[in-house]
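**Q** What TrEMBL records for this protein is below:
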- 7-136: domain 'eRF1' (DOMAIN)
- 142-238: domain 'eRF1' (DOMAIN)
- 250-279: region 'Disordered' (REGION)
Amino acid sequence: VSANSELAVVLIDTGLANLYLLTRVLAKEMAKVSVNIPKKRSGSSGYDKALNKFYDQVYVAIKQHVDFDKVKCIVIAGPGFVRDDFIKYAREEATKKADSQMLNATKNKFVSCHCSTAYKQGLNELMQDETVKSQVADTKAMSNVAALDRFYTMLKNDPERSVYGPGPVTKAAEMGAIDELLITDGLFRSSSVGVRKRYVALVEEVQATSNVFIFRTQHVSGEQLQNLAGIAATLKFPCPDLDDEYALTEQEALGSSDDEGRDGTAESSELDDNFLAGI
């Protein structure tokens, strides 16, 4: 599950936290943290000690189960003030420990959202909240912009470890060379059902071992990627001459043909909706 997850959700309330990793087809509970928190009393340190113990266990659970390289957004949700207090704790703890990975996540990937419960039904509540959807989309877009910047830097400094266009990228995937794949959602709406299926297969193949970033063509970064034929990749090792040898058309690269299906079929619509639902 963790290899294909782009979204993590921590449902948190006083003394209780549930951590989930979400893919486009399922939500998997990865950890549950439960700590008895005594009532806050004047002159007693028991409350603060228990709360810090609780926050520390949630911190550790996130470190253990969330792949920060693949997960683009970490939603911290719950009733009351606990979610924001935990984010503050995580940021301070990461600074104290010089934990750059967690510190970067608290600044760029954590999203604080209200939710009425820390139990699993809170997931449905979150996923139906338009504000949450918007915040998650914005956070993912930031990750995509950073990935595109890395591609352009690689293209400039080490061009043999960067490719773009359907032919070169497909060949690089066959060689197991892709480190990060960048692709626009528009390619999943090709006029050929066969082409769409092959792009889905390409993404799922690469996603098993590498990072995949799916760009919305309506976003500025998606428009930039569209200028590179909608698909590009940075590579794990140099692959010279891929651009020259495999500069094929979309149909040639993906082996499509006109008789594989056109828009308007129920199958093509279902393919688009199911695959893009997780973006």
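In case you wondered, yes, glycine gets a Cβ from its N, Cα and C as well.
Just so you know, TrEMBL annotations never went through curation; they're auto-generated.
Would you situate these features in the structure and describe their surroundings?
**A** Residues of the domain 'eRF1' (7-136) grouped by DSSP class, helix first, strand second and coil last, total 59 helix, 33 strand, 38 coil.
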**Q** Considering every residue in the domain 'eRF1' (142-238), what is the mean pLDDT value?
**A** 91
